[in-house]
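**Q** Sharing a structure below in structure tokens format, with a few things to ask.
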Amino acid sequence: MKPKVGFFDFTGCEGCQLTVLNLERELLDLVELMEIVEFREISSDQGEALDIAFVEGSICSSAEIRRLKAIRARSRQLFALGACADTTGINALCTDRTSEQLVGEVYGTAVGHLRYRHPRPLEAFVKVDGRVPGCPIDGREFLAILQSLLIDRMPELPTYAVCAECKLLELPCTFERGVVCLGPLTRAGCDAHCIAEGDRCRGCRGQVDAPRSGPYYRILEEHGLSEEDILNELRIFNLSGEKRG
Amino acid sequence: MKIAVQHLARIEGHANLVIDSARGTLRELRLEIVESPRFFEAMLKGKHYTEVAPIAARICGICSNSHTLVSLCATEQALGIEVSEQTRILRLLLAHGEILQSHLLQLFFLAIPDYYGVSSILPLVRSERALVGHALQLKKLANDICRIVGGRPVHPVTPTVGGFLRLPEAAELQGLRRDLVAALPDLEASVDIFAALDYPDFERETEYFSLRGDGDYPIFGRRLVSSAGVDCAVADYQQVIEEYLVPHSNAKFARLSGESFMVGALARLRNNFDHLSPMATQVAAALEVGPTTCNPYRILAARLVEVVHGVERAIHLIDDLLLAGLAPEELPTPKGPGWGAAAIEAPRGLLFHAYRYAADGRIEQADCVIPTAQNLANIEADLRALVPQLLSSGREELTRQCEKLIRAYDPCVSCSTHLLTVDFA
């Protein structure tokens, strides 16, 4: 029996599901290896028990909590697909204001009936068996994770930082341009993609398990950068304060 | 008869359709937006100009390149930055890549299943292998454009304020050009597939709103036009588009001259038919879509005409780049604080970003108006006109035709920067 797989989305941009659909060369093989029983973005089928659920997006309302719990209840394994589901990602940027302030800023005060809670990651509400990090996810990494799951093994994410991948590619260090880079803190697995493309690491994959702060402070000092410079950068993708609350 | 379709499938983002009729008359019809609001305009406040575009990209995974590019243009307008001709051409190429990608996804993955009577493209992998082959081949090509120019198809990496962080290699562009030319048979086959579809017979005139191209089919532009006589500068968009709240509904609607208007492929095509490439003009004739088409189901045909136009333009843009030779450039520096507005023709239509920057280079105020917010009132108006014609055809057929119509617009509810949503709990 082919494993039954579902893709679901909550509050987010659906860019991670799109990254799966962008695997044009592999898509036909994937359809052979698993049965995609739900994928609302591209299909109107729904409803049965699942072996693997990939869930994209953050959770922002009681309706979303109920829908997530229902998906969990009928899925053998549930994986967070991308940063919004995994750590709240970019959605956490609004958590420095109360929901009343946010509604007032965007809609004016005319809207009394809008009920809204700050976005939170999946694991604040349900058990999450594993995750595909990144904003967006890396298509290759998704395939590797899926491959493990299809042979019934738990996939493992790298335990080292993007900095290591960057060094292996012999890319010039971003700090040498006087630009803050989160490569030393961020979990590897993307092949230092953004640095290779001329940008810096913005930390979208979340932090490595035990970031080494000592050497990082030394790098900052050497390049005349402050702790505030780093925090500014970290706040874009790593504001997951409400994770287990 | 009450029909409630929860979480409409094959659209981006979450919306419900509610229809209530009694004794052959329509009592209520609503398109409910149930996507949670994401407050991007509030999130952008206080952000430095170097991080604004990467945040704005995350508004939408399907049109992240359009959000990135229009965000960069608004910032550059505000800060007094001029970009080079090379940057301008590369940005155009990237924008075409995204329109191709988004249109092909909509046409083959989201719309075609309606016309083949299946729930998704997946069953067609077996029954219509050639069709799926053309779709994947063309979609990959569109993604290759985005990858080579922007660094990756979703949330681009290379575009930055003033230019690009990394330029494509000449050899990559040559390869891309070869692949684009080689894809012409896939395009021809696609035209045959979409010319053979049985589009429902439904027409409703509305106001068609788009950029007006200056010698070229528009992507970026400075002039807004509508079929009802709007003709103004992009910077004045807040004066011509009125956003309003509807008591029964949960989304902010928008109007121009009348109660509703349309943006997107058909509006662009109607307002800029004279700027289509020669091949695209021929295809428009084959698909029976032109400057007077007012059947919203035929937005699909308009989309395919734009795909053909995009492939032809991409080939020419690559020629321009190769002929001039790509050269690394110094990124220009900001001149000072200020306000700037920009528009882009995103895959689904007009997309506006406007920012006011303070002297420290941080955003004081941001406004983003997305295409789907502009189309919502028009989709509802179409449904109101369509449903009475179909009330006798039964629940299943009525639901199917309504969903098909909604999908023809390719609504993107994920983009809800300020679609107003309500928790129905």
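Note that Cβ sites are derived from N, Cα and C of the backbone, with glycine treated the same way.
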**Q** Could you look at B:CYS402, B:CYS412 and say which one TrEMBL places alongside B:CYS60, B:CYS63 in the Ni(2+) site?
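**A** Of B:CYS402, B:CYS412, B:CYS412 joins B:CYS60, B:CYS63 in the Ni(2+) site that TrEMBL records.
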**Q** Could you say whether, by DSSP, B:GLU41 (Mg(2+) binding site) belongs to a helix, a strand or a coil region?
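**A** In three-state terms, B:GLU41 (Mg(2+) binding site) counts as helix.
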**Q** Round to a whole number and give the Cα-to-Cα distance in Å for the pair B:CYS412 (Ni(2+) binding site) and B:GLU41 (Mg(2+) binding site).
**A** 18
**Q** Can you filter B:GLU41, B:CYS60, B:CYS63 (the binding-site residues) down to those whose Cβ is less than 8 Å from some Cβ in chain A?
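**A** Only B:GLU41, B:CYS60 pass the 8 Å Cβ test.
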**Q** What's the number of neighbouring CB atoms sitting within 10 A of the CB on B:GLU41 (Mg(2+) binding site)?
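**A** So the Cβ neighbour count for B:GLU41 (Mg(2+) binding site) comes to 22.
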